[in-house]
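Engineer: This is the feature table in TrEMBL:
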type: TRANSMEM; residues: 7-28; note: transmembrane segment
type: TRANSMEM; residues: 210-230; note: transmembrane segment
type: TRANSMEM; residues: 237-255; note: transmembrane segment
type: TRANSMEM; residues: 293-314; note: transmembrane segment
type: TRANSMEM; residues: 334-358; note: transmembrane segment
type: TRANSMEM; residues: 431-456; note: transmembrane segment
type: TRANSMEM; residues: 477-497; note: transmembrane segment
type: TRANSMEM; residues: 579-600; note: transmembrane segment
type: TRANSMEM; residues: 621-641; note: transmembrane segment
Amino acid sequence: MSCTDVLCCIIFILFIIAYILLGLVAWVHGDPRRVAYPTDSKGHFCGQKGTPNENKTILFYFNLFSCTSPSVVVNLQCPTTQICVSKCPEKFLTYMEIQFMYRTNKHYWMYYSQFCKSPFVKPAKTVTQVLLDDDCPIAIFPSKPFLQRCFPDFTTKNGTLTVGNKTIFEDGSGKKRNAIELRRAANRVNKILDARAIGMKVFEDYATTWYWILIGLTIAMLLSWLFVILLRFTAGFLFWVFMVGVIGIIGYGIWHCYQEHSNLQGRPNSHLTIYDIGFQTDISMYFQLKQTWFAFMIILCLLEVFIILMLIFLRERIRISIALLKEGSKAIGYLPTTLIYPVLTFIFLSICIAYWAVTAIYLATSGVPIYKVISPERTCKHENTTCNPEIFNTTEIARVCPGAQCNFAFYGGKSLYHQYVPTFQMFNLFVFLWLINFIIALGQCALAGAFASYYWALKKPDDIPQYPVFTAFGRAIRYHTGSLAFGSLILALIQMFKLVLEYLDHRLKEAQNNISKFLQCCLKCCFWCLEKMVKFFNRNAYVMIAIYGKNFCRSARDAFNLLMRNVLKVAVMDKVTDFVLILGKILVAGCIGVLAFLLFTHRLPVMIEGPTSLNYYWVPLLTVIIGSYLVAHGFFSVYAMCIDTIFICFCEDLERNDGSREKPYFIAPTLHGTLNKMQLVPLKQKE
């Protein structure tokens with residue numbers, strides 16, 4: 001056996017070395033504190049120890065009415081002065097009011113001056129001068145700290161929006177404003193505020209139910225392991241358990257949706273549609289509508305009918321899938337270490353994800369503070385040009401564009417490294433996708449090599465080599481790194497193009513017309529189909545690499561030709577077996593999901609007492625369901641790879657051998673007998 005696709009292996013190693021060097025350079029130039037701490041208009045951190053802002057941990061906006069720029073959503077930067085403060089304002093005050101109050105009580109000015117850029121002995125400047133010099137805000141409103149930033153303290157009383165128990169207030173320039181205007185002006189920021197509130201509630205729910213989630217995932221792991229073991233002895237029985245269980249779980253879901261729909265009869269506003277209430281950050285509002293439960297019930301009914309029809313029309317072919325499941329269970333029984341391999345894949349994937357995320361953060365925080373000209377009306381011709389905050393008020397820009405600010409925008413620089421930071425981010429993402437696909441390909445090739453050694457052992461288990469998983473893994477790393485890197489590179493390029501399309505769609509969404517949107521959808525659909533097709537061919541190519549040790553292109557060609565010559569067998573066995581395994585995953589996730597639902601909604605008080613006072617019971621519920629599905633997927637993916645490998649080996653076996661003593665079939669007698677009845681193999685071996 002010799003190394004395959006050496007050139008691609010060398011390129012892959014060079015990319016990894018460059019990736020490591022990029023991480024080292026990013027760690028030298030980056031500063032994660034720039035993510036942890038908010039930054040004022042001068043680029044100083046709020047709350048950083050050892051600085052004048054050590055006790056000033058919150059960012060304060062001078063004029064929140066200016067916060068209508070789209071950049072607010074990205075980096076919370078408003079076209080207004082921002083300073084670090086120790087606490088947010090707690091009352092309504094304007095600069096003009098302070099000038100009058102100062103004459104009788106200087107305490108008011110001491111309170112107000114903490115929201116100015118620099119301390120003043122007294123409020124001697126006029127409002128116009130304050131606006132020009134931008135020394136102090138012309139008005140402050142009751143606020144609360146969220147995301148370490150001062151946001152208006154919005155509340156609703158009797159359906160009326162208020163700020164600090166007021167609906168009408170002075171904005172400091174002599175105008176009357178209401179809470180709705182402030183809400184509209186800070187609409188983008190308030191979306192972040194709502195998301196923050198939901199995030200806090202979700203965090204509280206996780207803090208309350210984390211041990212229940214771990215218990216649920218542990219049960220899912222044990223249940224998956226139990227199913228894998230029992231499939232070896234009772235594949236047919238367990239298959240029908242899968243069927244009855246899935247149909248029963250979906251049936252319970254239909255009944256529950258009907259009950260919820262009936263309970264909402266006569267309740268106020270339950271007749272409203274999702275279109276009527278629009279987008280709401282409080283998800284529970286949708287569950288108070290009859291339309292929501294009716295839609296869920298229709299979807300579950302269609303799913304139930306689809307599964308039943310599949311069982312009716314595929315009842316003969318299901319016998320073959322059961323035979324394959326038994327053979328796969330026997331192979332896993334001889335190779336139990338294959339069930340542990342998904343844990344190794346998970347560790348590798350976790351390392352790659354962590355490295356990519358840390359490198360991306362360090363790259364994003366590389367450089368020195370860059371300041372840009374920002375004007376509230378966005379009419380200044382110098383908008384977004386670089387500026388110096390120390391001398392900005394004395395420049396021509398300040399005279400040409402009244403009201404313009406020189407605010408901190410991002411971290412960057414003029415060096416060669418800083419100019420290519422966006423390119424480095426793209427490189428970071430691309431190599432990350434390449435590594436992720438390589439790790440998955442390595443797992444598939446290692447498992448395929450182990451299961452192929454089982455199939456081609458004439459006397460099982462005597463002819464199976466020792467430590468087959470370890471041997472196949474070492475063989476894949478030593479000889480086929482280039483081939484696996486080649487296949488994963490193709491997939492990474494397709495995924496990178498998909499991400500670029502998504503980015504362009506997001507950036508150009510408002511400027512698109514119907515034709516461009518249609519073309520965009522067509523491109524997305526084509527790339528989605530291409531990705532699925534490449535994944536399918538790669539998977540079978542890795543099996544051929546594990547069996548014959550040929551390069552990627554030749555293995556992919558041989559796998560494609562082999563599958564085309566046995567297209568009937570592909571339709572009969574491979575896909576039906578995948579359907580059975582998917583139902584097994586749904587059953588595991590469904591069983592754990594039903595138990596979690598009964599627990600989190602306090603419907604098991606007699607047996608066990610669940611967590612109390614949850615904000616959103618569906619948050620831990622979805623976590624348990626999705627987590628259980630992923631756990632089951634880890635176990636059943638080994639099964640799927642086993643069956644795919646046995647299927648490829650089976651097709652090769654039929655073409656290479658004729659059943660004679662010189663060329664006997666390697667297929668198991670029980671599977672051979674089952675396939676005889678479907679006339680998919682010769683009726684008997686030749687003497």
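Using the three backbone atoms N, Cα and C, a Cβ is placed for every residue, glycine included.
Note that the structure is a prediction, hence the values are computed from the model and not measured.
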Engineer: Near the transmembrane segment (7-28), which residues from the same chain, at least 6 beyond its ends, have a CB less than 8 A from one of its CBs?
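Structural biologist: Result: 355, 358-359, 362-363, 366, 417, 424, 427-428, 431, 434-435, 438, 481-483, 485-486, 489, 552.
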Engineer: Is it true that the transmembrane segment (237-255) and the transmembrane segment (621-641) have 3 or more CB pairs under 8 Å, sequence gap of 6 or more?
Structural biologist: no
Engineer: Looking at the transmembrane segment (621-641) and the transmembrane segment (431-456), are there 3+ C-beta pairs under 8 A, with each pair at least 6 apart in sequence?
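Structural biologist: Yes, the transmembrane segment (621-641) and the transmembrane segment (431-456) are in contact.
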Engineer: Looking at 210-230, 334-358, 477-497, 579-600, which one has the highest count of Cβ pairs under 8 angstroms to the transmembrane segment (293-314)?
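Structural biologist: The listed stretch sharing the most Cβ pairs with the transmembrane segment (293-314) is 579-600.
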Engineer: What stretch, picked from 210-230, 334-358, 477-497, has the most CB pairs under 8 A with the transmembrane segment (579-600)?
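Structural biologist: By Cβ pairs under 8 Å, 210-230 leads among 210-230, 334-358, 477-497.
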